[in-house]
Amino acid sequence: MCGIISAISKKNVTNILIEGMKRLEYRGYDSSGLAIINKKKEIIRLRSQGKIKNIINLIHKTKQLIGNIGIAHTRWATHGLALKKNAHPHVSKNIAIVHNGIIENYLNIKTKLQKNGYIFTSDTDTEVIAHLIHYEQNKNNKSLLKTIQTVILKLTGSYSMVIMDRYHPNILIAIRSGSPLLIGLGKQENFISSDQLSLLKITKKFIYLNEGDIAILSHKKITIFNKNSILVHRPIVISNIQNDSITKGHYQHYMKKEIYEQPYAIKNAIRNRITKNEKIQFSELNNNAHALLLKIEHIDIIACGTSYNAGMVSKYWFESLSKISCNVEIASEFCHRKFIVKKNSLLLILSQSGETADSLTALRNSKKHEYLGSLVICNSSSSSLVYESNFSILTNAGIEIGVASTKSFTTQLTILLMIAAKINNLKTNDEKIENKVAKTLRLLPEITKNVLKCDSLIYSLAKELSDKNNIIFIGRGHNYPIAMEGALKLKEISYTHAEAYAAGELKHGPLALVDSSTQIIVIAPNDNLIDKIKLNISEIRTRGGVLHIFSDNLTKFNDNTNVIRLPYDGILLSPIIYVIPLQLLAYYVALIKGKNIDKPRNLAKSVTVE
């Protein structure tokens, strides 16, 4: 969601801040701003609603933004509308601050500060922190560090932030609470950001702050205290992300690029995890993990958005292949209800970023209950979920910039299928299913390449659907969640209203929506449910609904049926295969409608607040 980039150097930091802000755009934002301390020890601040180019234009106009220390922020509105006055940084006399998170008790603090003469110019919770730091600093005459340590004890919520003080222009202070923060290491300069992508042009060396850490940065020194105010040393991590991996290349949008990267992402997901004798192995899982997998009798899967749909698919795999009961729940619901943990249960959390706030809360809450352990599947080795879980498996999908997840979804499914097969072998001591899954997955990268050859057919369908206001997706079995994912993608990217239903539910209500204007996408692979879904197709046809069917080369339909045939006749991999044309469909509908595909309105790539 919101993005932080800050720098302290022997040289002017303005360009570093601007370039960093540009690289944070993919996270989603509606306003932005930056502030520096100049040679006169003045705080110079620029803020703007809308795009970062507005800030760049302001810099060119003022020609005053020169300083060796600065903080910048891209804001996604939570408290207060998307207005200039609510954009960060927020300033209180000598204090300037940027903040990611939500302060839950800000109104109480605000009231007390107003009684002490503080005037608020924004509607945000962040301005409360700035004034509170100033108030405590002047009241107690403490050092900036001691003041901040006092202030955070009075805050309830999440408050990852970076603070600078014009009376102390040689240091930045950063606090990690709730949202991720990392330090970038340079020569005679250091940086703080919420996302390493913002700094990859200037450094590959990073220090990831732990929850509760406070860091003090000068241009040549870094000091870190943990949540207990004890001096600590955090390891330096060298990033292996190549700078060209975060460019669009010859593609118009990141989403299109990432859809087409799926054959290679899946190959990376299975690389070194399938042996020559068709065995599945995860180097991340030690003997303790295998012992845990052997004991589990139930799995609770927790996720949000697209990851939730991946979890829904895997429920079918775990129950059919592993013979383990499985519950899939939205993280934000799981966090705030009383629940019963079944005997010998595993908590399995899915997240693209590994920083999803609701999923983190679910993981932390689960530690109060008697789970055998927690397993996280995500795409970031340095994420909070990986750090706080018992075990983790990386999808190895590569950097995903587009807000709508594509290759993260298919690699999650790939890993989940492998886990289901592995558990089957561990529990039954029979390698047949594991061998079959391993052998089939070897073919998956090539199959996905062939599926992408349907691109022009999908574009033609998108042209037909681009002016439609309502679209229904239906599927059965493990392809019902793929219908859900197809509808979600269309909503996210093209802003077209779409709903997904289990096909058998049509006659229980949704069939009332069907008439000659109703567009219905049907997922109909040649599996054991094909006759059932053909009955659903007949129900729709007799009511005049307009059908668009995705199927294989074996399944026969009436001659006048609009069918897009995919080059896969199997059953096991159909969820992974059939979602790819639905991703393309959402992309092309959005393209034809002229939408901002990589940065859809009101959405963020990494949802780091509840």
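Including glycine, each Cβ sits where the backbone N, Cα and C put it.
Copied from Swiss-Prot, the annotated features are:
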{"type": "DOMAIN", "residues": "2-220", "note": "domain 'Glutamine amidotransferase type-2'"}
{"type": "ACT_SITE", "residues": "C2", "note": "active site, nucleophile"}
{"type": "DOMAIN", "residues": "289-429", "note": "domain 'SIS 1'"}
{"type": "DOMAIN", "residues": "461-600", "note": "domain 'SIS 2'"}
{"type": "ACT_SITE", "residues": "K605", "note": "active site, for Fru-6P isomerization activity"}
I want to check the contact list for K605 (active site, for Fru-6P isomerization activity): same chain, sequence separation of six or more, C-beta distance under 8 angstroms. What comes out?
Y26, R27, G28, S353, E400, I401, G402, V403
For the residue listed as 'active site, nucleophile', list the number of other Cβ atoms lying within 10 Å of its Cβ atom.
29
Taking DSSP as the reference, which of helix, strand or coil describes K605 (active site, for Fru-6P isomerization activity)?
coil
Quick one: average pLDDT across the domain 'SIS 1' (289-429), no decimals.
95
Mind checking how the domain 'SIS 1' (289-429) divides into helix, strand and coil residues in DSSP?
64 helix, 28 strand, 49 coil
Per DSSP, what is the residue count of the domain 'SIS 2' (461-600) in each of helix, strand and coil?
66 helix, 26 strand, 48 coil
